[in-house]
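Features as listed in TrEMBL:
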type	residues	note
TRANSMEM	22-46	transmembrane segment
TRANSMEM	58-83	transmembrane segment
TRANSMEM	126-148	transmembrane segment
TRANSMEM	199-219	transmembrane segment
TRANSMEM	239-257	transmembrane segment
TRANSMEM	264-286	transmembrane segment
TRANSMEM	306-328	transmembrane segment
TRANSMEM	340-357	transmembrane segment
TRANSMEM	377-398	transmembrane segment
TRANSMEM	451-468	transmembrane segment
TRANSMEM	474-496	transmembrane segment
Amino acid sequence: MSQKQLKEAFISNLNGTTLLEISVGLSLAPLCLLCRGLLLILYYLHYEKPLSSRKYNLLLDFVVLICPLLFSCTVLSPVIFFMPPVIAAFCAGIFSKIYSQRKHDIGMSFRQIVNDFQKTYLDPDYIPSITLFRVFVNVLTSISILAVDFPQYPRRYAKTETYGTGVMDLGVGAFIFGNALVCPEVRPKSCATQPKFSYLTKQFFSIWPLIFLGLGRLFSVKSMEYHEHISEYGVHWNFFFTLAFVRLAASLILTIFPKNKSWIVAMNLAVFYQLILNITSLKMFVLHGSNGKDTRVGFLNANREGLFSLFGYLAIYMASVQVGLYLLKCRNFVKDWIKAICFLILMVLVLFVFLHLSQVHIDPVSRRMANLSYCVWVVAHCLTLFICFVVIDLMLVFTKLLVNGSSVPCCWNVIQPAHSSKKHDTEAVPVKRESKLLHICLISAIDKNQLLFFLLANIMTGIVNMMIDTIHSKTSFTLCVLHLYMFFNCLIMYILHARNIVLKFW
């Protein structure tokens with residue numbers, strides 16, 4: 001077998017892992033974020049000044065936010081279930097130290113502090129959890145697209161062939177979900193008084209970078225005979241095309257239907273598509289082609305997975321639009337967000353019950369078809385991850401209130417503590433102080449150039465695969481390559497952000 005055939009076989013015919021293992025793995029990113037925030041607050045408590053060195057901030061962010069995720073999907077994957085408790089225990093130790101050494105609210109009971117915390121006024125114009133969700137999905141995707149070519153990356157985490165739940169299967173849907181959270185339809189100012197035709201024209205031209213990236217990937221893969229998993233999207237199709245057409249189709253639908261009814265559109269799309277799969281021969285066509293022998297003759301046969309999965313991804317996108325609209329409702333106090341979390345948890349429980357029923361009685365999860373079970377699974381897990389980020393963010397807000405003046409980049413700004421009075425007016429954390437720290441935050445750096453980060457990761461993945469025999473790499477070499485790859489990607493984003501450069505052409 002040629003090197004290309006070996007690599008294609010290495011990522012083919014896989015069956016995924018359990019929903020529980022994926023859930024445990026997803027909890028690592030919020031816990032790492034909590035650890036980073038607590039360490040910054042502890043530093044402020046000891047030195048009475050924030051960590052202002054760009055070099056040390058980058059190092060801290062990379063070591064605490066990126067490295068654990070790299071290890072969790074390589075050498076530490078056999079003990080993945082032990083990682084969250086260990087990190088949580090470490091965070092509990094740091095919080096205990098901060099609480100015992102605080103110089104603020106010493107005479108108040110813990111219950112009184114919690115009651116005041118619930119009445120704390122937060123910045124209503126910035127919801128950091130949306131940024132965190134999108135950035136970490138991008139980071140996890142960037143790690144996985146290269147790590148999957150190394151033997152240290154568990155095969156159960158890679159994309160499944162037909163049915164099953166792999167980590168990378170979730171990544172594709174989560175990327176769609178994250179894009180919809182910040183789409184123009186969710187942001188009221190972006191399309192408030194715009195005529196429908198001019199709005200659609202603007203959306204049509206806004207997807208051209210994705211089309212060009214898709215064409216660039218297609219030509220580069222074919223010309224260099226780069227290994228590819230044909231049953232993922234097809235012969236000519238790729239994820240950039242999916243992103244572009246889903247976004248365009250969603251914009252068209254939302255000019256016809258009210259955006260606050262997006263969940264109804266999503267549900268009808270997913271259910272109707274599943275009915276067509278079940279009562280017609282479409283399922284057999286998607287899985288085995290028109291002749292039942294996996295033919296790739298003709299454009300439709302060649303790209304059947306990519307074309308028909310658009311219906312499922314569009315359903316995920318529409319569901320995420322509804323979630324985005326719910327999140328952007330005006331909530332000023334901590335207690336309002338606690339109520340929102342409770343509602344989202346209830347929705348997640350309902351979705352997981354429905355997922356179980358769908359898998360048992362309708363069809364197992366299939367990313368290849370993007371069927372009903374896949375749509376429900378993606379939305380449920382994305383909401384779970386988002387809830388984790390909101391909870392962690394609120395925990396950091398609570399800790400910041402214990403240490404007067406402390407700041408954590410990409411965390412909620414406290415506009416006014418609940419117990420603020422004339423005596424304590426200066427104790428409110430100024431928004432300006434937080435905003436000055438944003439330029440030394442890796443999360444903000446990636447967020448400013450998300451598409452560029454994803455594109456850079458794809459290019460670097462291709463370069464590494466052409467230079468290295470990844471399949472036969474030893475563990476130490478694999479870890480070095482993956483860390484250097486991620487550090488290079490993060491460093492480029494960090495430098496661009498430090499110089500206030502945003503590469504966006506649409």
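Note: Cβ is positioned from N, Cα and C throughout, glycine not excepted.
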The transmembrane segment (377-398) in contact with the transmembrane segment (340-357), cutoff 8 A, at least 3 CB pairs, sep 6+: yes
Cβ-Cβ under 8 Å with the transmembrane segment (474-496): same-chain residues at least 6 beyond its ends: 54, 58, 61-62, 66-67, 70-71, 74-75, 142-143, 146-147, 150-152, 442, 445-446, 448-449, 452-453, 456-457, 460-461, 464, 468, 502-503
Stretch with greatest number of CB pairs under 8 Å, the transmembrane segment (451-468) reference, 126-148, 199-219, 239-257, 306-328, 340-357 candidates: 126-148
Paired segments the transmembrane segment (199-219) and the transmembrane segment (126-148) in contact, 3+ CB pairs under 8 A: no
Recorded stretches the transmembrane segment (126-148) and the transmembrane segment (340-357) touching, at least 3 CB pairs under 8 Å: no
Contact call for the transmembrane segment (58-83) and the transmembrane segment (22-46): at least 3 Cβ pairs under 8 Å, seq gap 6+: yes
Winner by Cβ pairs under 8 Å against the transmembrane segment (239-257), considering only 22-46, 264-286, 306-328: 306-328
Chain residues in Cβ proximity to the transmembrane segment (264-286) (below 8 Å; excluding those fewer than six residues from its ends, i.e. six or more beyond): 253, 257, 292, 304-305, 308, 311-312, 314-319, 322, 362-363, 368-369, 371-372, 375-376
Contacting positions for the transmembrane segment (306-328) when only residues 6+ beyond its ends and CB under 8 Å are counted: 127, 130, 173, 176-183, 185-188, 233-234, 237-238, 241-242, 245-247, 249-250, 253-254, 259-260, 262-263, 265-267, 269-270, 273, 282, 286, 300, 340, 367-372, 374-375, 378-379, 382-383, 386
